[in-house]
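*Asks:* Quick one: the structure is below, and I'll ask about it shortly.
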Amino acid sequence: MARQEQTMNDQLKVRREKMDELREEGIDPFGHRFERTDLAQDLQDKYGDMDKDELDAKQVVATIAGRMLAKRGKGKVGFADIWDRSGKMQLYIRKDVVGEDTYHIFKRSDIGDFLGITGQVFKTDFGELTIKVTGLTFLSKALRPLPDKFHGLQNVEQIYRQRYLDLISNRDSFDRFLKRTKIISAIRHHLDDQGFTEVETPMLHNQAGGAAARPFVTHHNALNIDLYLRIALELHLKRLIVGGMEKVYEIGRVFRNEGMDREHNPEFTMMETYVAYFDFHDVMAETEGIFKAAAQAVTDDGIVTYHDQKVDFNQPFKQIHMVDAIKEKTGIDFWQPMSIEDAQKLADEHHVKYEPYWKVGHIINAFFEEFVEDTLNEPTFVYGHPVEISPLAKKNEEDPRFTDRFELFILGNEYANAFSELNDPIDQRQRFEAQAAERTAGNDEAEHIDEDFVEALEYGMPPTGGLGIGIDRLVMLMTDADSIRDVLLFPTMRPEEDK
């Protein structure tokens, strides 16, 4: 460790000496605006398939800029790799072409430095597209050495804490975040084409609601009140439906003061949509369209590979009622009316854990999670959730024990949650009161009564279909990422000094 620290200190010293040397030669080591004509990938697209002689005849001159991530050669000839946001371009530089002063700058440049390059585009004898340098502008000095170019960052914690180094050294990671942007853009484009209006609603709430989760609490000094970082987008978006907006969506951060694991981060990105006059069947079709658009944004054929398992988003999604799914796997028929004692007995017999305050619907959901959820590999809509676990969903007309709600499962994970929204203010108040009773009985994630939201419903909300999708989990699926931290540029981390 001491030897590594000494090596690092030596490199820091040498790089600062080179910085001073540049200044002595009248060169600003942290340069100025530089105008480039092309990105590396643009040149590859234009000339990558062109014959060597044909390219030479065209006498193509290009100006690029980027970070030098490789350097080789001796004497009066050198090669380097310049990376910009689009990819890599090889440089070929000769002292007799650029002159002694410019070649000296190149020779004294370090891996990590930013260079502006002008030169002729050609192909080497090995067929690699290359720029023969005629002009070099020093743009920025890297005072610290980059991670090893062959191995990148090996410390997982460092990857998340110093994402900028991960992006420099790991092109797969860089590309994953570009895909994230493409996915979100594709979803927005799809919804905009469907006539949705994108809106922004408050992140600071007077009362946490819209989901069963613990909130973060903050304090507003001027008003002298506690406020809650939002745990969901739902209740404000429904207020907009009441106001007549009819077809709205929001993509934004939500915050939950809960545990962290490979699928959960305290702040994450949610998308919710609400459409007047839709029911949950309409929302199923909407959801399929969103997932197909996301898959097409990052694949050529709409088929995504996640951990060596292929998911074909071109095929229609399956649909099954939660009770039927449980019956298929266990033989237990929860369609039959039963008391809480009967349900608890079944749970005991099948080693399904439950809480004392649970009702039959809670136990049905526990059976689903225990025996069914992990088996759902193909995209599958599971609908008909019990009313006890769906306080904001409309009851099913034929069997009011269940709701017009679905969740989308793929490869055993849940990716979307949707309802025919509850628009009866009297029923909504009763659901909130049942949640309040659960909170009193020990469920500290149960919702409070939101009087303002109930009042909004009393002005009248049309039948509405609502949808929620966790964007980060969706991006994990579409980019074959192991952890939510791999799709968040800057995931939540414990401060290093607290270790």
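Easy rule for this one: first residue shown is 1, then count along the chain.
Cβ atoms here come from the backbone N, Cα and C positions, even for glycine.
Pulled the feature table from Swiss-Prot, pasting it below:
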- E407, E414: Mg(2+) 1 binding site (BINDING)
- E414: Mg(2+) 2 binding site (BINDING)
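Each of these features: where is it, how hidden is it, and who are its neighbours?
*Replies:* Taking all protein chains in view, 19 other C-beta atoms sit within 10 angstroms of the C-beta of E407 (Mg(2+) 1 binding site).
Reduced to three states, the DSSP call for E414 (Mg(2+) 1 binding site) is strand. In sequence order, E373, E407, L408 constitute the residues six or more apart from E414 (Mg(2+) 1 binding site) in its chain with CB-CB distances below 8 Å.
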